[in-house]
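Chemist: Before anything else, here's the structure in question.
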Amino acid sequence: MIIKDPQDLESARKSAKISSKVLKEAFLMAKPGMDTYTLDAFIRRSIESMGAKPAFLNYDTGEGVYKFSSCISLNHQLVHALPSKKVILKKGDIVTIDLGSIYKGIYSDTSYTWELVTKKQERFLNTGKKAVLKAIEQVKEGAHVGDLSFVMEKIITRAGYTVSVDLVGHGLGKTLHEPPQIPCFGKKGKGPVLEEGQLLAVEVMYMEGSPELTVGDDGFSLDTKDKSLSAQFEHTLVVTKTGSEVLTSWPE
C-alpha cells in the first residue's frame with residue numbers, strides 16, 4: 001500500500017501502536033507453565049479491547065481459515081506455530097510471538113523472539129535484532145528491496161547463522177500481505193524500488209543450522225528440519241523520502 005491519505009497514515013500508526021502494546025503485554029505475561037492457547041486468547045482480548053481486530057484471526061491461509069490471533073513458535077519452530085493448550089512454556093524456551101492488528105482497515109504486523117527466563121542465547125537473538133534494524137537503515141524512497149535483503153543476509157551469515165530462503169517480509173496496508181516481497185537474502189541494487197508512503201513489514205527469519213524447513217507436528221508450523229534454534233524479528237514501517245518512520249516497537 002502507498003499511503004497518500006493523512007488519515008490512513010494515522011490509522012497505520014494507531015494499528016502499529018496497538019500491535020506493539022499487545023506484544024509487550026504478552027511478553028510480560030508469558031511465564032513457564034503457561035500454555036500458548038491462553039496466551040493467544042489474551043492477545044485477542046487485548047487487541048479487541050483497544051478497538052482493533054486481530055490481523056491473523058480468520059485469515060485465509062489457502063487451506064482454510066486461521067482460528068487464532070497470533071502465531072507462538074518455540075525453539076526450532078521458525079514460524080506459524082498454532083497456539084495450543086498442550087504446548088506449555090518452559091524455562092529456557094526460545095519464544096517467538098508474531099501478531100498484527102487491523103485499525104480502521106489498516107494492517108500492522110510485528111514479531112519478536114526472546115529467551116524465557118534464561119540468557120544463554122543472547123548472541124543468537126541480538127544478531128537478528130541487529131539485522132532488522134540495520135536493514136531498516138537502508139530504507140528510503142528510491143532504495144531497492146535488495147539493499148535491505150543484502151544487509152540482513154550479511155549480518156546473519158557473518159555471525160555464523162543462516163537466513164531462511166523460503167520466507168519473506170512483505171508490503172501491507174488494506175490486506176496483511178501485499179507486494180513487494182522482501183527476502184532475507186539478496187543483492188544491492190536489485191529488486192523492486194521503494195516508494196514514499198509505502199507500508200512495509202521488514203522481517204528476518206533465521207536459524208542456527210540448515211535453512212531446510214519441514215511442516216511441524218501441529219500440521220501448520222514451519223520448523224527447522226535439523227531442529228536447530230530459530231528466530232524472527234519484524235517491524236512495520238512507512239517509507240519516507242529520506243528514510244522511514246518505524247511504526248512498531250519491541251518489548252525490550
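If you go along the chain as it appears here, the first residue is 1 and each next one adds 1.
For all residues, glycine too, the Cβ spot is worked out from N, Cα and C.
These figures come from a predicted structure and were not determined experimentally.
Pasting the relevant annotations from TrEMBL:
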BINDING   H80, H177  substrate binding site
BINDING   D98, D109, E234  divalent metal cation 1 binding site
BINDING   D109, H170, E203, E234  divalent metal cation 2 binding site
DOMAIN    11-241  domain 'Peptidase M24'
Chemist: Out of the binding-site residues D98, D109, H170, E234, give me the one sitting nearest to H80 (substrate binding site) by CA distance.
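Modeler: Result: the closest of the binding-site residues to H80 (substrate binding site) is D98.
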Chemist: Roughly how many Å lie between the Cα atoms of H170 (divalent metal cation 2 binding site) and H177 (substrate binding site), rounded to a whole value?
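Modeler: Approximately 6 Å lies between the Cα of H170 (divalent metal cation 2 binding site) and that of H177 (substrate binding site).
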Chemist: What are the other residues, in sequence order, whose C-beta lies within 8 angstroms of the center of the C-beta atoms of D109, H170, E203, E234 at the divalent metal cation 2 site?
Modeler: T110, S111, G169, L172, I182, L200, A201, V202, H235, T236
Chemist: Pull out the binding-site residues from the set D98, H177, E234 whose C-alpha sits within 10 Å of the C-alpha of E203 (divalent metal cation 2 binding site).
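Modeler: Near E203 (divalent metal cation 2 binding site) by Cα: E234.
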Chemist: Counting every protein chain present, what is the number of Cβ atoms, excluding its own, within 10 Å of the Cβ of E203 (divalent metal cation 2 binding site)?
Modeler: 27
Chemist: Around the recorded divalent metal cation 1 site, report the further residues of that chain (criterion: Cβ within 8 Å of the mean position of the Cβ atoms of D98, D109, E234; site residues excluded), sequence-ordered.
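Modeler: Counting only non-site residues, the set is L99, G100, T110, S111, A201, E203, Q232, T236.
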Chemist: How far is it from E234 (divalent metal cation 1 binding site) to H177 (substrate binding site), counting Cα to Cα, in Å?
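Modeler: Their Cα atoms are separated by 14 Å.
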Chemist: Take the C-alpha atoms of D98 (divalent metal cation 1 binding site) and H177 (substrate binding site) and report the distance between them in angstrom, rounded.
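Modeler: Rounded to a whole number, the Cα-Cα distance is 14 Å.
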Chemist: Counting every protein chain present, what is the number of Cβ atoms, excluding its own, within 10 Å of the Cβ of H80 (substrate binding site)?
Modeler: 22
Chemist: Given H177 (substrate binding site) and D109 (divalent metal cation 1 binding site), what distance in Å do their CA atoms have, once rounded to a whole number?
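Modeler: The separation of the Cα atoms works out to 10 Å.
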Chemist: I need the most crowded of these binding-site residues: H170, H177. Count other C-beta atoms within 10 angstroms of each C-beta and give me the top one.
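Modeler: Of H170, H177, the one with the most crowded Cβ is H170.
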Chemist: Can you tell which of D98, D109, E234 has the most other C-beta atoms within 10 Å, given these are the binding-site residues?
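Modeler: Answer by Cβ density within 10 Å: D109.
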